[in-house]
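*Asks:* Per TrEMBL, the features are:
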BINDING   GLY266, GLY267, ALA268, GLY269, THR270, GLY271, LYS272, THR273  ATP binding site
DOMAIN    245-532  domain 'UvrD-like helicase ATP-binding'
Amino acid sequence: MIEDVKIIVSNDVIKRMTALPAAVQTKALEFMLKFQTDPRSPGINYETIQGAKDKNFRSVRVDQNYRGIIFRAPKDNVFIWLHIDQHDDAYSWATRRTMSVNPVNGALTLTNVGFVESTVQRTAAPRASQPEPCYGACSDRDLMALGVPEAMLPAVRTIRSEGDLDAMQDELPVEAYEGLFLLLAGDALSGILASRETRVDRPIDTEDFATAAERDESRSRFYVVEGENDLQEILSAPLEQWRVFLHPTQRRLATRSLNGPSRILGGAGTGKTVLAMHRAKHLASSLIGAEGSSGRKLLFTTFTTNLALDIEDGLRSICSPEQLKRIEVINLDALVFRLLKAQRYEHEIAFDYEARCAPIWDAVMVDFDSALGVSREFVREEFEQVVLARGLETRDAYREAPRRGRGVILSRKKRDALWELFENYRLQLSAKGLKEPDDAYRDACAILAKEAEPRYAHALIDETQDFGPQALRLIRALVAPGANDLMFVGDGHQRIYAKNKASMSSCGIDIRGRARKLYLNYRTTEEIRRAAVSLLEGIEIDDLDGGSDEITRYKSLMHGPAPERIQGASMEAIRDGVLEFIRQCLRENADNTIGVMAPTIKLRDQLAKQIRESGLKVATVNHRERLSRKDARIFAMTLHRAKGLEFDAVAIVVNRELDESLRKLVYVGMTRAKRMARMYTGLT
């Protein structure tokens, strides 16, 4: 590459490359590699485009039928490859568009001025009893601060409803669409800009395309080529967009320096894990170059082994070998097991409560006195939510412990009676060489407190909502307080391990001033998102730090068919319906992936057997198995195992009525679907 030349590729080109015929892909890649070497080479024949709105657009020949559209900045050596298509379609595309720099937020913007003109023309005639324009109170500068291109302002001024905004979505930068939606939802402009950390006070040179290309807003849709092999690596392999293009807010959160722990909330599909992976890459790079950081690592942890394996695969696709050496991906249970084993810990951690602990608990509860006026279920919850969660070890500590949210006042006498049960249970566990995970986590914290140096330089925590208080305290102990120490990402709507509810601040983790939220769903259609959210109506959701969270401001970027919900069907009808759904998905696209989900292993295996018997190939995804290593398009799994995955279509079968915990579980399953979903409940 020539040093004084900046080459940029739009996300449109990268997406379209995979859809081109193989021969055209090869020729396009050959052209781009030549273009990358020297875009000013006499061998590249730039042709002017008759009727183009932007006089800096040029076409280049890819082969006899295909043309690329290039923007060359008038004042510097910036070349932007914007589009590729068949000859006439490429020229038609180019005549309707212009490139510019947003004069307020400084972003590169590509505007379909043909769309703007037709929209203004179509809405010019007044209609009877039409609502007022949605953004009449906003100045042009306000709208451009949100990311609206200057040339798009006349079209945005015609918006009178959320439906009008949705119809304009494809023509707006993603941050502009999000900002306009949040204004409609009632957010203040100042609050939106503050949460994004958008700068609108700096002078912007609207002819400096090189600087504009480096801004976070631009990099959500334009990729700046940085090295000799960079472009070939991106264009020659199938590419998930998240590897390269991040929403401006995601990019800032992934790369900014923070003076303490941070928390990122976001509904399913909003890119929380993607953000955390890019954050890991950024911090790993800083460790490689930092003085005195030789051998230091960052921890990337999550709740289950499955998710850790999936994250590991994702990191391999974006990180260099050197960066990967600085990142340890492990689920927290495995980390605690390893830590305690190295200390010759004398107890086995009873991760499987039902198999290891429940019989001992039941034996102890033989002495339960019903005259205490509480149920057996209440006693177990008291042990989990008060004794284990707070790490209580003595009768006196239990007597004094706050029990906020437990719903029943317990006298000192009743607490003493319950403590006898709790103490006996722990003694019986210990006699068999067992400890409950929360107590083992507490022991691990005690070990870490004696160590001279913290184990990790930084930690990233995915699926935070599923970690309990002892887990959060352990994470705090693994990393010394300081700059960029901890980043937590999660979503209370997806908490499927109910006993693990915790408040970060009560566990020594102060996120004040460093809490952010993601609003745009990149995975699921709006129709599926709304159906999934409806499952959670009436359920109070927390923000992982003692406050409440809401889901009304989330929005999906895609639309599709409404998901189907079928109630009260027989197992035979469900079998036929699931098979018909699968075949329909594969008819639409043979490469579609389909997830078939159930709440239990037994029902999952029954469904998988029926699919196999029909002649279709299905892979059963178990605990600790990587989906990426399964040679199939149809995958059967439990709803718990579905967490963190995504499929083109999802079929869910539930063999009982939806209580609160199952509603959350089905919400997780349904939001794995990108385009189609069907759910069967209340089987007959």
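Glycine too: its Cβ is placed from the backbone N, Cα and C atoms.
Buried or exposed, and what's around them? Tell me for each listed feature.
*Replies:* Cβ neighbour count for GLY271 (ATP binding site) (all protein chains, 10 Å cutoff from its Cβ): 22.
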*Asks:* I'd like the number of other C-beta atoms within 10 A of the C-beta of LYS272 (ATP binding site), please.
*Replies:* 25
*Asks:* Most Cβ neighbours within 10 Å: which of the binding-site residues THR270, THR273 is it?
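*Replies:* Sorting the candidates by Cβ neighbours within 10 Å, the top entry is THR270.
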*Asks:* Counting other Cβ atoms within 10 Å of each residue's Cβ, which of the binding-site residues GLY266, GLY267, GLY269 comes out lowest?
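*Replies:* Output over binding-site residues GLY266, GLY267, GLY269: least Cβ neighbours within 10 Å is GLY266.
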*Asks:* To test your reading of the ATP site: which residues beyond GLY266, GLY267, ALA268, GLY269, THR270, GLY271, LYS272, THR273, same chain only, put their Cβ within 8 Å of the Cβ centroid of those residues?
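*Replies:* The answer, listed by sequence position, is ASP491, LEU518, ASN521, TYR522, ARG523.
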